[in-house]
Amino acid sequence: MTIKEIKELLKGDVSEEEIANLEKDSRSGVQKLLISYRKKQKKLFEKKQAFLERFLYEKQFWQKGQLVAGVDEVGRGPLAGPVVTAAVIIDQDFDLLDVNDSKKLSPEKRLKLYPKILEEAVSVAVGVKNAQVIDQINIYEADRQAMAQAVNALDIKPDALLVDAMNVPVDLPQIELIKGDAKSNSIAAASIVAKVFRDKLMDDYDKIYPHYGFSRNAGYGTKEHIDALKQYGPTHIHRKTFAPVSDFFK
């Protein structure tokens, strides 16, 4: 086989016998390909192991024949736009290895995973609370209510919740996990759904309010955003109780 043919071979499923034969090949190009192949296989193995470890909390419920939903939020800190939450129920067949804390993933990776999560999950729902609600009841309570909204919108009722460091005001057993989106695939999937959903909302708002850069900053207080606030003032989606937006209402 040529080096090029071997390179193509190693991109697919390779048997131990084929690897053993390649190890006997004295060509330096072949040995370099094998070194690269082993590194990739090691990385893939470690990725699979980490993925399986993130089912630790889900398994506690699956073993009892119960469904558990992961719940997470995005958008607590921005000066503009809603807080968005997601509730996601997955089962033992869920196999999207790239699912992880949404903050660790590129926007492109999140966009690719979003439809796959919707397809593979048992049930997915989203909760949204806008700037007016946030200003009325504070961001923490708005966050909790949005989480409850997402859980109640699931078309299948879960037996319990895994939540990223929050308590959801619903009558269900809950496990609160600090940095839960890095410890549970259910919460990680919810973090991706919430993030992509909110980013799409902010892209839409960017078309309505083009001066603030919402499609780039998602409502966070970047220099571009603050400069636009100073020049144009706050919009309908700005949070009046968040500084420096609140300065415009004194």
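Just so you know, the numbers here start at 1 and follow the chain as drawn.
Positions of Cβ are set from backbone N, Cα and C atoms, glycine also.
As given in Swiss-Prot:
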BINDING   Asp72, Glu73, Asp164  divalent metal cation binding site
DOMAIN    66-250  domain 'RNase H type-2'
Taking the Cβ of Asp72 (divalent metal cation binding site) as the centre, how many other Cβ atoms fall within a 10 Å radius?
31
Within 10 Å of each Cβ, count the other Cβ atoms, then let me know which of the binding-site residues Glu73, Asp164 comes out lowest.
Asp164
Once Asp72, Glu73, Asp164 are set aside, which residues in the chain still have Cβ within 8 Å of the Cβ centroid of the divalent metal cation site?
Val71, Val74, Thr85, Ala86, Met147, Val163, Ala165, Met166, Gly180, Asp181, Ile187, Ala190, Ser191, Ala194
Does DSSP give Asp72 (divalent metal cation binding site) helix, strand or coil?
strand
Here the mean pLDDT of the domain 'RNase H type-2' (66-250) is 97
Secondary structure at Asp164 (divalent metal cation binding site) (DSSP, helix/strand/coil)?
strand
